[in-house]
Amino acid sequence: DFCPRLLRSTIMLISKYVSEKAISFILVFLDDSKLLQVTIPSSPPVLAVLGGALTLPCLVSLAHPPPSPPSNGRYAVLSVPRIKWSVLSDSQETEILVARGDRVKVSEAYKDRATLLNYAHSPADLTLRLESLRQNDTGFYRCEVQQGLEDAHDMAQIVVKGVVFHYRDASSRYAFTFERAKEACREIGADIATPEQLLAAYHSGYEQCDAGWLSDLSVRYPIQRPREGCFGDMDGMPGVRNYGVVESDELYDVYCYVENIKGEVFPGPAPQRFTFWEAKAYCVSHGAELATTSQLYAAWNDGLDHCSPGWLADGSVRYPIVTPRERCGGGEPGVKTIYRYSNQTGFPEHLSQHDVYCFRSMKGSLQIKMCLTSSKER
């Protein structure tokens, strides 16, 4: 209360230089400032999915009703609330949109994606609608309202789940018919990706110069840096290359999609190395099983970073890198794959030795905790 009292005293001292109407206007705002409230009625974190849409409610209780009918007077303009949505990610705040009165300005990076869903007919409802979600839409969303001298805000954490990844047959490049491609994704615990999911992954920075099946019978691949052999149908422009809908018996790779895993992926004990069969036995001995490729991608998407190639359930050898470094697969993040041949085909021989990635389900983790608790009690 000290600051409002100090400001009130200051206003009185300068009152002889300011009109009585202006003084009254400022004092009303001081008296009613605590009436300005902003609320996002959501329990953090709010989970959303790649390529989907997010509806994030935000409700405001204004200190003063906006002038009706709208007026261009100086004080009337000040009483019209200013609304701002922004997102904080990696210690950087990015403006999404700003609104005042009947004007809404959407930032260039969010054009055609961000809208105030109900604002036009209900100014106290500042619900944000965000379409075509990307992985980099994860962050802390801030709904802020300024009215006169006061402002208020609320925040909510949004986590965008889901990752699109390229998958290739163990034998060779371009070996899947459409039906076999869908089956291959299912075998590793994933679904065949949709065009919307691949496009969202592309806008999140994903690149892969390999044509792959999608759920609509089309064949596409995402390119950020056009180069010889990766031009497709777009010449020198970045974007998702599209072969269109093709015959289902043609042969390509596939793009799979995984959203969530109910459990944890963990690596084996460095520097110990295993053959494929030894790797399976190690996981079983720890109440787990060999992780699938989709589980490793989901764990990478959730932050797993381990610079050691390890066995997976399909016989492939991969490792997840979140923070790129030269000795760990170069300058790009992602799940790195070890191929048997220099043309990036073939999984390693089962007798070769590598690290291992195991997966323990939530049920398995609970059973282990119960066993440990029981042992301590005994």
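Here the Cβ of each residue, glycine as well, is placed from N, Cα and C on the backbone.
The following features are taken from TrEMBL:
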DISULFID  C209-C230  disulfide bond
DISULFID  C307-C328  disulfide bond
DOMAIN    41-159  domain 'Ig-like'
DOMAIN    163-258  domain 'Link'
DOMAIN    263-360  domain 'Link'
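Geometry remark: C328 (disulfide bond) versus C209 (disulfide bond), CA distance 21 Å. Its Cβ placed at the centre, C230 (disulfide bond) has 17 other Cβ atoms within 10 Å. Spatially close to C307 (disulfide bond) yet at least six residues away along the chain are Y319, I321, R325, R327, C328, G329, judged by Cβ distances under 8 angstroms.
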